[in-house]
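The following features are taken from Swiss-Prot:
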{"type": "ACT_SITE", "residues": "His136", "note": "active site"}
{"type": "BINDING", "residues": "Gly151, Glu152, Ser153, Gly154, Ile155, Gly156, Lys157, Ser158", "note": "ATP binding site"}
{"type": "ACT_SITE", "residues": "Lys157", "note": "active site"}
{"type": "BINDING", "residues": "Ser158, Glu199", "note": "Mg(2+) binding site"}
{"type": "ACT_SITE", "residues": "Asp175", "note": "active site, proton acceptor"}
{"type": "ACT_SITE", "residues": "Arg240", "note": "active site"}
{"type": "REGION", "residues": "261-266", "note": "region 'Important for the catalytic mechanism of dephosphorylation'"}
Amino acid sequence: MGVTIEKLIKDFSLEVIQIGEENVPINVSDVNRPGLQLAGFYNYFAPERIQVIGKAEWSFLEDMSPDLRKKRLNKFFSFDISCLIITRGLEIHEELLKAARKRNLWILRSDMVTTKFISKITMYLSDKMAPETRLHGVLVDVYGIGMLITGESGIGKSETALELIKRGHRLVTDDAVDIKEIDGDLIGRSPEITFGMLEVRGMGIIDVSALYGLSSILNSKQIKIIIHFEHWKDDGDYDRLGVNDEYQDILGVKVKKLRVPIRPGRNIAVIIEAAAANYRYQRMSDISPVDIIEKRMLESMEKESKI
């Protein structure tokens, strides 16, 4: 999903020096500092990127003679450039303005330091253009681990989230989870309308931050584990050792999935806490509980064989 120049101007409070064509889309999240291009090197040039002139490029132009500066800028603007942004509030060279006007291109200016501006705009564009989807579920932060709780309606996802909030964990979103894939990570957040709200059957919608404080909610969280609730089946084939890993694909990213059978009497919130703690343990340890049991069994068998 692209971003228009007008949207960029509004979100970054950019000063408009030269107005270009309306509704020009920005379709890539990378930016380019055209130092090499101003020196005359255009191999591998990406004109579709936002072009950013900072102190270094500005000083390079400043040291040129007016005729050379005009020549280099006319060449630069002969490409199909979406917009040019000058940082640090630097003065605009007259040759640059004239060349931009010929092509009806956007020239914008920011007071921010170049490196900080590039970092912010790259993150902004990556977020805006990231592939996204919406899933039904509840996203919570448990011990710093983003856990997406899924399952059919009425199975107890929201009630479990409420219990987790009472135990000091944090809610990201209930019912609808907006997910974006950014650099291989899945970032989940709440739709703006339902942010901070939790629907509990029999009670209705509650404002989590009002009842439990602002520390009980989060704007977004990276999804690490999927906890899928399903009704208990006596003949169900459930993983009892934790050796059969299951994954679910979301936007091309595989996420570990745990199936949790639900029946009266099970403390699901405690199980989810244990799953989060176990995830952290597995990330930090080279040995699993199953490996420990196998080692103990071998040691026990060796002792018995010596008797």
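Glycine is no exception: its Cβ is also placed from the backbone N, Cα and C atoms.
Location within the structure of each feature annotated in Swiss-Prot.
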{"residue": "His136", "record": "active site", "Cβ contacts under 8 Å, 6 or more apart": "Thr150, Ser153, Asp175, Ala176, Val177"}
{"residue": "Gly151", "record": "ATP binding site", "Cβ contacts under 8 Å, 6 or more apart": "Gly137, Lys157, His228, Phe229, Glu230, Ile262"}
{"residue": "Glu152", "record": "ATP binding site", "Cβ contacts under 8 Å, 6 or more apart": "Phe229, Glu230"}
{"residue": "Gly154", "record": "ATP binding site", "Cβ contacts under 8 Å, 6 or more apart": "Arg201"}
{"residue": "Ile155", "record": "ATP binding site", "Cβ contacts under 8 Å, 6 or more apart": "Phe229, Glu230, His231, Ile262"}
{"residue": "Gly156", "record": "ATP binding site", "Cβ contacts under 8 Å, 6 or more apart": "Phe229, Ile262, Ile268"}
{"residue": "Ser158", "record": "ATP binding site", "Cβ contacts under 8 Å, 6 or more apart": "Val138, Asp174, Asp175, Leu198, Glu199, Val200, Arg201"}
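Surrounding the centroid of the Cβ atoms of Gly151, Glu152, Ser153, Gly154, Ile155, Gly156, Lys157, Ser158, where the record places ATP, the chain contributes additional residues within 8 Å, namely Phe229.
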